[in-house]
Amino acid sequence: MGAHHPALGLLLLLLCPAQVFSQSCVWYGECGIATGDKRYNCKYSGPPKPLPKDGYDLVQELCPGLFFDNVSLCCDIQQLQTLKSNLQLPLQFLSRCPSCFYNLMTLFCELTCSPHQSQFLNVTATEDYFDPKTQENKTNVKELEYFVGQSFANAMYNACRDVEAPSSNEKALGLLCGRDARACNATNWIEYMFNKDNGQAPFTIIPVFSDLSILGMEPMRNATKGCNESVDEVTGPCSCQDCSIVCGPKPQPPPPPMPWRIWGLDAMYVIMWVTYVAFLFVFFGALLAVWCHRRRYFVSEYTPIDSNIAFSVNSSDKGEASCCDPLGAAFDDCLRRMFTKWGAFCVRNPTCIIFFSLAFITVCSSGLVFVQVTTNPVELWSAPHSQARLEKEYFDKHFGPFFRTEQLIIQAPNTSVHIYEPYPAGADVPFGPPLNKEILHQVLDLQIAIESITASYNNETVTLQDICVAPLSPYNKNCTIMSVLNYFQNSHAVLDSQVGDDFYIYADYHTHFLYCVRAPASLNDTSLLHGPCLGTFGGPVFPWLVLGGYDDQNYNNATALVITFPVNNYYNDTERLQRAWAWEKEFISFVKNYKNPNLTISFTAERSIEDELNRESNSDVFTVIISYVVMFLYISLALGHIQSCSRLLVDSKISLGIAGILIVLSSVACSLGIFSYMGMPLTLIVIEVIPFLVLAVGVDNIFILVQTYQRDERLQEETLDQQLGRILGEVAPTMFLSSFSETSAFFFGALSSMPAVHTFSLFAGMAVLIDFLLQITCFVSLLGLDIKRQEKNHLDILCCVRGADDGQGSHASESYLFRFFKNYFAPLLLKDWLRPIVVAVFVGVLSFSVAVVNKVDIGLDQSLSMPNDSYVIDYFKSLAQYLHSGPPVYFVLEEGYNYSSRKGQNMVCGGMGCDNDSLVQQIFNAAELDTYTRVGFAPSSWIDDYFDWVSPQSSCCRLYNVTHQFCNASVMDPTCVRCRPLTPEGKQRPQGKEFMKFLPMFLSDNPNPKCGKGGHAAYGSAVNIVGDDTYIGATYFMTYHTILKTSADYTDAMKKARLIASNITETMRSKGSDYRVFPYSVFYVFYEQYLTIIDDTIFNLSVSLGSIFLVTLVVLGCELWSAVIMCITIAMILVNMFGVMWLWGISLNAVSLVNLVMSCGISVEFCSHITRAFTMSTKGSRVSRAEEALAHMGSSVFSGITLTKFGGIVVLAFAKSQIFEIFYFRMYLAMVLLGATHGLIFLPVLLSYIGPSVNKAKRHTTYERYRGTERERLLNF
């Protein structure tokens, strides 16, 4: 038997520890001070000790799994209190998912108090300690190993990895793991929590992960709860937002629309190509058929084409008048008689007419005294009752206007990338040029200098402190500065801080930066520096807002720093707003003059765009003036009809041209004055565009009137007033047609809700109407006076000086341009072989334009609105190149919603027990599809953070037990007690009056290391509490858009945000809540127009064309087909304008839409005169009538509009403003060239083919009127 004793002894030694481990401790109680107020635990190897009964509540709160039998534990009450204190930060972020926090508490409860500690804890370092209170020698536990089951660690991590931190828009583990949430895993998370360098652990705990026994140690493998499981009967599983497996399949975006293709090619190209070829086939086939048919009837091809043989496209119009012909003839005769009498009256009574005209002009233009010019971009681009404008007003009223932004984007072009080598080991980390410490010091100097800028307003000094956003004021008056330097508390000393020795640097600004970009809301980093990341203003500084040019989320690779100074905006408080303007002016001046060869700075202030728009308008005044001078000179010289050098100063009409121009400008002034009387403000687009438009319309009428007189012979026995009356009777109807068509088109265009189009249309319509009235009154009288001067041989301008009498006198003659049109251009254009070519070319161009009309870009590049030399252009470029986050977007829930009921809470919140289709959850789901929805991050949710804050397990919500006033978590006062009891009822969410009782406390609580959930900084402005803190008004839930670079991006972001909000609203309504959710971002008011720009364009152009059609139909005396042909031609011009816009890179927006509406009006000038001349012609065939119309009206249209406008437009090409060069020079040039070619080439050809038949009643009336006079011979041309 003795031989077996050694083996038996060894077996007993192996078995005995197992028996000891079953109920054995490694520590009990607290001993010496470790760091700060943290203590070591006392080493103890005995059995667990019964917990005093006054600690029962605490163990039930923290470790209910250990509350059994006589509650014998390996910890005392002080250790439990320390555990509670150390777990406050994880509690605040993880308690929203009970199963996650349950597993975490299991890990720490087993570590701190488990009666089986010795199974999985192994003390590896101790030191002696003398307790001065008990006068006993004890042993501090300085280090130990914690054997944790790998499966337990993985299960705990899996339950927590999806938990959100609503106030910081990121995963909670990103704040608790010491690294980015994406890099966090089960092992490095637990290692971080047990590392004494994290600021919470008093000593080092080395976790050892294994599911198998190691060296006789049994890993802690307690049961865990999945995030989709309930912890107890009171709490439910975690929400979808905090537990992805609860959500089911991840939502998928709808597939992008497939491009419309036919045979692998763009469908529009194919369709229009096929259509064009088919048209050519039909058109030329019809011509060939007619030609062959005519060959059967004509003896020779030289037989006159103006025969009435059947099927002739040029057949003459014989036969009886139709039923509408007499009506048209009567109406035309009525107009002719009325204008004839009026013209004669004006010539006979020039003094009276001119006096009343001047009086009218004076009265109307005096309204300019009350003129208001709108430069506010919101007023310019957003309709007062548009959805975006109303939502902006609602947001501003309830939460205050969105803050003013002063922003700098800084690069370090002369600095290279440097490499940081972490201690003691790890991969090298590259740091971008601007993250060089010397550069950071220089940027900090700049930032401090900007903070020191002062301005003067009303003899008061204005500083940044006076106007900045300070969310924790008055407790913390530091301004919000979104800058990477806020990670270093905006301090040179903190930036230079480092921990190391003579050989190594253990921690410096690199380590602090790497931690803070992962946990921007942290109050204590994990390095030896232990510095806060939270900004000095009390809020987090998110890396995507202060860094630019990095890849993915590697913030250390940043190539740009972004510094933003949010400044308070004010709702209906002009006085305080002017203070901000004054400071911004000094800010702009300072940064413009700042010199540092190591830094490249792009910047903007809130007022920058408005300032630059004003500067742009002023800088291009000279260009616009030159443009008008060129047109004035041309008009003044071209009106004269010089017959000989000796009569140069007599026959010139410079004074008449100047008078005509002044009449045009007076009509503009009258229009501005009339609407200024009404209190309607002007816009820059009105001032810049309308004179151009009215000059085109007015000059054309002047040329028609003057040139008709110059070609006219005075009849026998006819006086001057009778002659001018007769001439006005002939041409005034066509002037009336064009002017009234344009006036109607513009006034109907004012139905548009777009402010730019609405205002322009009203002012333009009134200006054109007044211009017409002044031309048939004042100008006719002036023309009569000028003719009398000419007949008396007096010099132009110097009208009192009589010229030499050469005996020639003035007589009617044809100008060179008229003879060119009559003898060469018109006959050539209407040749049988050329007309088909003209039709083919113009229809081809039309087909191309239709094919590309859907490819015109929509929007307005912001940089185009700035002068070429503007500093804001550099800012826009840097914005697109470097920034990685878009503007903030607020989902606003309108006032009246019931947050105090469980049902109401569930429809909004995103935590445990909340609906899977709640407001927060739907925004969270949208952020998961950020490339589609353009929502970049999960929303910050005040209600979820409030529930965590008010939870009885948290140390955040406490009251003084005597006064019942709020007690901040940082206050160490034994009279402070938790707000709600630690009972099953207390653990439930507050409802009813209790919900409102603690909410104001939450919104006024500043975050601190003991409670990071204080809502003052994050939610102080997010919740309206009204009715003396009795109920909640409007609230918002904020997130950020993804980076937006183009107009299409901005428009799509707004569209998707509205879709999300609409879905939330519909979901709430389906559950009985009739309150609306809408999104708001600062740019919505500017980009809303692009959501409907296509519909607005179709509406405005259709209304304009429709009104032109109706006026033309009436004025031409029910000539239906003439009105149709004219509108077809104008429509072709408009479609071709879209083709030019696509070719020339002109986008569709409010500015280009105004120009399109204007081009519709100017097209009338090119088409209406020739169309009416065609209908009035009594020639025998369509070709002859088209030739006569083109010869007589073409020269006036060409000289009156085309040449006048062309000279002025060319000058605009030299404008400094990009918006002038693109939207005015390019579009004006296009509309003049397209109008001229269609009006002078295509329209006559079209009329020669399908023009209306001659009005028999008009022909009869005309013959009867001129029978027996010398004008009878002119009827046959």
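Note: Cβ is positioned from N, Cα and C throughout, glycine not excepted.
As the structure is a computational prediction, the values presented were derived from the model and not from experiment.
Under DSSP, GLN79 (cholesterol binding site) is assigned to a helix (H, G or I) in the three-state scheme. Neighbour density for GLN79 (cholesterol binding site): within 10 A of its CB lie 21 other CB atoms from the protein chains shown. Residues annotated as cholesterol binding site in Swiss-Prot, with similarity to another entry given as evidence: ASN41, GLN79.
Taken from Swiss-Prot, the feature motif 'Di-leucine motif' covers 1274-1277.
Residues or ranges marked as signal peptide by Swiss-Prot: 1-22.
Other Cβ atoms within 10 Å of the Cβ of PHE108 (site 'Important for cholesterol binding'), summed over all protein chains shown, number 17. Under the heading site 'Important for cholesterol binding', Swiss-Prot lists PHE108.
Look at Swiss-Prot and you will find 291-350 (among others) tagged as topological domain 'Cytoplasmic'.
Marked as topological domain 'Lumenal' by Swiss-Prot: 372-621 (among others).
For 643-653 (among others), the entry in Swiss-Prot reads topological domain 'Cytoplasmic'.
If you take every residue in the topological domain 'Lumenal' (675-683) and average the pLDDT, you get 86. Marked as topological domain 'Lumenal' by Swiss-Prot: 675-683 (among others).
Residues or ranges marked as topological domain 'Cytoplasmic' in Swiss-Prot (evidence: a curator's inference): 705-730 (among others).
When Cβ-Cβ distances below 8 Å are used as the criterion, the topological domain 'Lumenal' (752-759) is approached by residues 379-386, 680-683, 685-686, 1089, 1096, 1099-1100, 1150-1151, 1153-1154, 1157 of the same chain, each at least six residues removed from its ends. Annotation source Swiss-Prot lists topological domain 'Lumenal' at 752-759 (among others).
Positions annotated as topological domain 'Cytoplasmic' by Swiss-Prot, on the basis of a curator's inference: 781-832 (among others).
Look at Swiss-Prot and you will find 854-1097 (among others) tagged as topological domain 'Lumenal'.
What Swiss-Prot records for 1119-1123 (among others) is topological domain 'Cytoplasmic', and it gives a curator's inference as the kind of evidence.
The topological domain 'Cytoplasmic' feature in Swiss-Prot is assigned to 1167-1194 (among others).
Feature annotation from Swiss-Prot assigns topological domain 'Lumenal' to 1216-1226 (among others); the stated evidence is a curator's inference.
Residues or ranges marked as topological domain 'Cytoplasmic' in Swiss-Prot (evidence: a curator's inference): 1248-1277 (among others).
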Quick one: do the transmembrane segment (684-704) and the transmembrane segment (351-371) have at least 3 Cβ pairs under 8 Å, skipping pairs fewer than 6 apart in sequence?
no
Please determine whether the transmembrane segment (731-751) and the transmembrane segment (1146-1166) are in contact (criterion: at least three Cβ-Cβ distances under 8 Å, sequence separation 6 or more).
yes
DSSP-derived helix, strand and coil totals, residue by residue, for the topological domain 'Cytoplasmic' (705-730):
17 helix, 0 strand, 9 coil
Quick one: Cα separation, PHE108 (site 'Important for cholesterol binding') versus GLN79 (cholesterol binding site), in Å?
11
For ASN41 (cholesterol binding site), what residues in its own chain, 6 or more apart in sequence, show a Cβ-Cβ distance under 8 Å?
TRP27, TYR28, GLY29, GLU30, CYS31, GLN79, ASN140, VAL141, PHE203
Does the transmembrane segment (1227-1247) make contact with the transmembrane segment (760-780) through 3 or more Cβ pairs under 8 Å, each pair 6 or more apart in sequence?
no
For the topological domain 'Lumenal' (675-683), how many residues does DSSP put in helix, in strand and in coil?
3 helix, 2 strand, 4 coil
Using a threshold of three or more Cβ pairs below 8 Å, and leaving out pairs closer than 6 in sequence, do the transmembrane segment (654-674) and the transmembrane segment (622-642) count as in contact?
yes
The topological domain 'Lumenal' (1216-1226) - residue tally per DSSP class, helix then strand then coil:
9 helix, 1 strand, 1 coil
Long-range Cβ neighbours of the transmembrane segment (1124-1144) (under 8 Å; 6 or more residues past either end):
842, 845-846, 848-850, 852-853, 855-856, 1101, 1105, 1108-1109, 1112, 1152, 1156, 1159-1160, 1163-1164, 1166-1168, 1171, 1222, 1226-1227, 1230-1231, 1234-1235, 1238-1239, 1242-1243, 1246-1247, 1250-1252
Is the transmembrane segment (1146-1166) packed against any residues at least 6 beyond its ends, judged by a Cβ distance under 8 Å, and which are they?
381, 685, 689, 693, 696-697, 700, 738, 741-742, 745-746, 749, 754-757, 760-761, 764, 768, 856-861, 1047, 1089-1090, 1093-1094, 1096-1097, 1100-1101, 1104-1105, 1108, 1129-1130, 1133-1134, 1137, 1140, 1197, 1201, 1219, 1222-1224, 1226-1228, 1230-1232, 1234-1236, 1238-1240, 1243
Three-state composition of the topological domain 'Lumenal' (752-759), taking helix and strand from DSSP:
5 helix, 0 strand, 3 coil
So if I exclude everything within five residues of the ends of the topological domain 'Lumenal' (675-683), which remaining residues of that chain have a CB under 8 angstroms from its CBs? That is, six or more out.
367-374, 379-380, 755-756, 759-760, 762-763, 766
